[in-house]
Each structure stands twice: as structure tokens, then as C-alpha cells.
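Now, the feature entries from Swiss-Prot:
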- Arg92, Arg102, Arg130, Asp224: substrate binding site (BINDING)
- Asp224, Asp248, Asp252: Mg(2+) binding site (BINDING)
- Gly282, Ser283, Ala284, Pro285, Asp286, Ile287, Ala288, Gly289, Gln290, Gly291, Ile292, Ala293, Asn294: NAD(+) binding site (BINDING)
- Tyr137: site 'Important for catalysis' (SITE)
- Lys192: site 'Important for catalysis' (SITE)
Amino acid sequence: MTHQIAVLPGDGIGPEIVEQAERVLKALDLPLELRQAPVGGAAFDQFEHPLPPATLELAQGSHAVLFGAVGDWKYDTLPREFRPEQAILGLRKALGLFANLRPAILYPELASASSLKPEIVSGLDILIIRELTGDIYFGTPRGVRTAADGAFAGEREGYDTMRYAESEVRRIARIGFESARKRNKKLCSVDKANVLETSQFWRDLVIEVSRDYLDVELSHMYVDNAAMQLVRNPRQFDVIVTGNLFGDILSDEAAMLTGSIGMLPSASLNAAGQGLYEPSHGSAPDIAGQGIANPLATILSAAMLLRYSLNLAPQADRVEAAVRKVLADGLRTADIHEAGTTKVSTSQMGDAVLKALG
């Protein structure tokens with residue numbers, strides 16, 4: 001069976017880093033069909049829309065999507081619906097992607113690059129699972145209005161709606177428990193149940209789901225404490241499951257513990273296992289075309305693609321082992337370079353990973 005992969009390089013450094021991930025996938029000699037399409041600003045330049053119908057059709061008809069990055073300052077004056085960033089939102093909605101998986105791993109060779117002391121962060125290996133379709137980002141009603149009553153009657157006010165449906169919480173909780181079961185069997189559910197009705201509802205449902213996973217140790221933590229604990233003692237965590245808003249913030253915080261966001265992959269999955277895989281960093285237009293971008297997050301995203309959407313765990317293991325070997329050999333792109341290591345370009349890093357694959 002041939003697996004079709006939609007390859008959407010995007011803007012900025014996107015094409016450079018995706019090229020290296022494509023090389024790695026092709027080197028594995030698997031039955032893959034990689035098909036490219038424009039997205040983001042690159043698509044707007046050609047079709048006056050960040051997510052053209054042909055690109056969306058390709059993504060919907062593929063087993064998985066390998067995504068680079070979108071965005072550039074030159075598009076900031078466009079109406080919101082035409083900005084490059086709308087492409088990723090459109091893909092999430094069209095593909096029904098509801099679970100975002102963000103690993104935060106500190107490789108031993110990069111311990112000195114972390115913002116925390118090595119004795120605190122050494123051995124860090126966290127998986128943060130963020131719900132993508134609900135919460136305050138998508139709740140309605142929302143907008144700006146004139147307050148009709150209360151202490152601020154007559155003033156303009158902005159308002160949003162935080163909401164979660166029961167089915168949304170149950171399905172993301174199951175992803176959390178299943179992921180923890182495959183790791184160290186520890187799941188921490190993060191909420192704000194002491195203040196928010198939505199969070200108390202979330203917590204109650206996670207507890208209900210936990211009865212199907214008695215082999216997994218479940219704990220709960222308020223989001224403010226979780227943010228503190230990620231800095232104070234990050235190794236206490238194995239898998240974290242949380243809502244859209246809290247996950248957006250905590251996953252970026254965890255990213256900075258690893259030394260460089262250029263090392264962090266991510267996966268967004270739907271109920272059928274179809275996924276969109278992308279590096280956690282942005283399009284970095286300021287360094288685009290210079291050949292200095294770090295492709296490892298994208299290569300590791302390709303490994304996640306193999307693992308989660310194609311069920312090819314052995315091949316994913318090979319790619320991840322190759323990345324570890326390259327780091328152990330002292331090769332570094334500019335973002336993680338330090339004294340005593342060898343600085344390499346984007347393509348040279350890709351060459352090194354291919355060599356390590358054997």
C-alpha cells in the first residue's frame with residue numbers, strides 16, 4: 001500500500017527545512033508518494049488565498065500532511081481571512097484535527113543550552129497534549145459590545161465564551177491516557193477548576209475516563225501551578241493533557257526548557273489517525289534563504305508522522321536515533337551552536353542525518 005503524503009512547505013524557512021525532511025523520508029525506501037502544494041503566503045501570491053481549494057483537497061485526500069511554516073511581515077496588512085496563518089486554522093478545521101501532541105525532550109548534548117540548570121532539566125522528556133477545537137478560542141458568542149448593565153454599563157467591553165462539550169473532553173482525555181500508557185503511565189490533567197466552571201467540568205470528565213485506565217496514575221494541577229512546576233521541577237511530568245488555551249501557553253513554556261524551539265516537532269491528529277505534522281517554530285522570515293535554519297524539528301515531525309499516522313514505529317525510531325547520533329557527533333546549526341561543536345548549514349545537517357540513517 002502506498003501512503004500519500006501532502007507536503008506543504010509554506011513561507012520563510014519552510015521550504016528549506018521541509019526539503020530536508022523529504023530527503024529523510026525518501027531515504028527510508030518506503031511506499032510513500034510525496035506531493036507538494038502551496039500554502040500560506042506562497043499560496044496567496046499565486047491564488048490570492050492562503051489555503052487554495054487544490055491544496056485543501058490534496059490534504060484531505062492524503063494519509064498525512066507534512067507542514068513547514070507560514071507567515072511573513074509583508075502580509076500583516078492583509079484582511080485577517082487572507083493572512084498566511086489562516087491556512088493552518090483552515091486545515092485544522094477541515095481535517096477535524098482535535099489533538100495536538102508536542103514532545104519536549106532535552107537531548108543530553110544540548111543541556112547547556114537550556115534556560116534552566118542542567119541538574120534541574122537533565123533527562124527532560126514530556127509530552128504535552130493540547131485540545132484544539134474547543135475552549136475560549138472557538139466559543140461563541142464573542143465580540144465587542146456596549147455593556148447593558150453592571151458596574152460598567154454604557155462602556156464598550158470585549159467578551160469571549162469558554163466552553164467544552166462532553167465528547168470533546170472525553171476524546172482528548174483518552175488520547176492522554178493512551179499516550180501515558182505507552183510511556184511511563186503518568187498523566188497530569190491541567191485545568192483551573194478552582195475558578196472556572198468549564199475546568200471543573202473538564203476535571204470531572206477526566207476522572208470518569210480514568211476508570212478505564214486504572215494502570216495509569218492520574219493527577220490534577222491548576223494551570224498557574226503547572227506553569228511554575230515546569231520551571232521548578234519539570235521532570236515530575238510524563239504526559240500533560242489540557243485545554244486549548246492552557247495548552248497553547250504551557251507547550252511554548254516547555255519548549256524553552258529544551259534549549260531551542262528549532263528542536264521541537266508536533267503532531268495534530270483527528271479521530272481517524274490522519275495528522276498534520278509541523279515544527280513548533282515559525283517561518284522566521286528574517287533568516288529565510290540563508291541556509292542556516294535548523295531542520296531537525298521538521299525531521300522529527302516526519303518521524304512522528306511515521307509513528308502516528310502510518311504506524312511505522314521502527315522507521316520512526318530509526319529517524320530519531322539518527323538525530324541523536326548527529327547531535328552526539330557535535331554537529332549544530334546556528335541556533336544551537338556553542339564552543340566545541342561544529343556549525344553546519346541546513347543542508348549539511350540533512351546530509352548528516354541521512355548518513356546516520358545508514
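Counting begins at 1 with the first residue displayed.
Heads up, the Cβ atoms here are built off N, Cα and C, so glycines get one too.
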Name, in the order they occur in the sequence, the residues of the same chain whose CB lies under 8 A from the CB of Arg92 (substrate binding site) and which sit 6 or more residues away.
Leu132, Thr133, Ser268, Leu276
Hey, what's the Cβ neighbour count for Asp224 (substrate binding site) at 10 Å?
13
Counting all other Cβ atoms within 10 Å across every protein chain shown, which of the binding-site residues Gln290, Asn294 scores highest?
Asn294
Of these binding-site residues, Asp248, Asp252, Asp286, which scores lowest on Cβ atoms within 10 Å?
Asp286
Taking only same-chain residues 6+ apart in sequence, whose CB is under 8 Å from that of Gly282 (NAD(+) binding site), what do you get?
Gly12, Ala69, Gly71
Entries of Lys192, Asp252, Ala288 which, being recorded positions, have CA atoms within 10 angstroms of Asp224 (substrate binding site):
Lys192
Please report the three-state DSSP label of Asp248 (Mg(2+) binding site).
helix
